[in-house]
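Listed features, source TrEMBL:
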TRANSMEM  33-58  transmembrane segment
TRANSMEM  70-90  transmembrane segment
TRANSMEM  97-117  transmembrane segment
TRANSMEM  123-144  transmembrane segment
TRANSMEM  156-178  transmembrane segment
TRANSMEM  198-217  transmembrane segment
TRANSMEM  238-263  transmembrane segment
TRANSMEM  275-296  transmembrane segment
TRANSMEM  303-324  transmembrane segment
TRANSMEM  330-351  transmembrane segment
TRANSMEM  363-387  transmembrane segment
TRANSMEM  393-413  transmembrane segment
Amino acid sequence: MELLLSQAGAGKGTPFWRSPAAWLREKKLSRGFWIFFAAAFFFDFGFSIYIFLFNLYLLDFHFNERAMGLIGGAATLGHVMGTLPAGVLARKIGIRPLMIVCFIASTVLCALRVVIVQEHAQLVLAFLSGVAMCLWGVCFLPAVARLTTEDNRASAFSFFSVNTGVVMLGGIVCGYLQQWLKMAGLVLQPVEVKRIILLASCAIAAIGLVAVLRLEMPAILQEESQGQKPKRWMPHPFLLRYLPALALWTAVLVAFTPFANVYLSKNLHVPMSRIGLIFSVAQVLQLVVGLLTPVLYRRLGMVPGIVVTQMATAVTLACLAATHDSQAAMGLYLGFSALQCMSAPGLYNLLMSKLPDEERSTASSGALFCNAVVSSGTMAGAGILFVRFGYPHVLMGIAGLAFAVAMLFWLLIGPMDRRVPTQPQIEAGSFEGIGVEG
């Protein structure tokens, strides 16, 4: 559904703008993919609203950035503790059962975080919800990889940007629900409105469980001869270079993203309705750049395309640190949101394309583990630094880190990407070598 739509000069294929239905048919995305997409849609829709609003909800209870950072750090620590065991479970019991546990546990725990607003309870619940949420990350990449082919996988990853086109409605609701309720004769405090939205977002995420229960996950059967192969005790050579660069890039994003709405509200005094509108515009912008992202990677190549988005992110953060104008800051935040959306499909596709199917669940959990280790300290540390030094100085430091990570990614991954071949994939819809996993 993106503007890779038709290859430049290829002369083959139907352009998306001419016939969206024909374009989708040519991508040959399987029925299983669309069921999984529905589950991901509700999960992402619900929790994108939740993540956007939750820190503002805590702000109403007089939590500062330090407390928010500790709570966020507890959640990412839960990721650390859960990702590697989740990867082992995914290989033993399958992806689908793990997704069922994820949908149930994450929605219940996040709802409890809304109801029980005490700092010690928040730390415990954040940790447990982090464990539950990490299951989704462990399952997501291998699921998309198994439900797609090498030819349509990049399109499938980019297609998830369509979710943002509907998530934008959540930002509008977050910003204007209090005014709408007041017009209807219901006068509620801002904190009560936020509580209603947060609980509703958990319910929306839970709807995705219906799709997960209908999902049949294809799995490539291991040949008997493969059972005699010695186990790989060392990580895949590609991972040894990829994971450190990915973890540091995650640190760049985590250092600011959770505090962006607090920055706009507390430092620039942007009203809640305006923040909700900015959030919605950011989703639309992410949708647009998500559709254009495959063109970038097709023209520049996978690793150069990733590095370009990382460099642009560094420039955006540096400009954000230097500005004191609220209008300029909002525009730069929109640019930051769009750029991080552009880098994600390339990073995911690169990881899944360079590994054999039997290593993808482990690699996915390993990637989440590295990210969570860095994020748990980064979020807590960033909150402390924002309180102590203010946003401009810290944002400039984050911009410098983003530039360094882009250079590191080019030096570590660039040469190896040209040497490591992509893994072959059985065509979707073919029954050769395919079984159904429980």
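Keep in mind that glycine also has a Cβ here, set from the backbone N, Cα and C atoms.
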Point to revise | Paired segments the transmembrane segment (393-413) and the transmembrane segment (275-296) in contact, 3+ CB pairs under 8 A | key: no
Check your understanding: Of the stretches 97-117, 123-144, 198-217, which racks up the most C-beta pairs under 8 Å with the transmembrane segment (330-351)?
Key -> 123-144
Revision key, fill the gap. For the transmembrane segment (97-117), out of 33-58, 70-90, 238-263, 303-324, most C-beta pairs under 8 A are with 33-58
**Study point:** Beyond the flanks of the transmembrane segment (123-144) by 6 or more, those residues with Cβ under 8 Å of it
**Key:** 33, 36, 40, 43, 47, 70-72, 74-79, 81-83, 86-87, 90, 95, 98-99, 101-102, 105-106, 109-110, 112-113, 116, 153, 156-157, 217, 348, 351-352, 357, 360-361, 363-365, 367-368, 372
Study note, to complete from the structure: Highest Cβ pair tally under 8 Å against the transmembrane segment (33-58), stretches 70-90, 198-217, 238-263, 303-324, 363-387, lands on 198-217
Review point. Between the transmembrane segment (303-324) and the transmembrane segment (70-90), do 3 or more CB pairs sit under 8 angstroms, pairs being 6 or more residues apart?
Key: no
Study note, to complete from the structure: Across 198-217, 303-324, 363-387, the most C-beta pairs under 8 Å with the transmembrane segment (238-263) come from 363-387
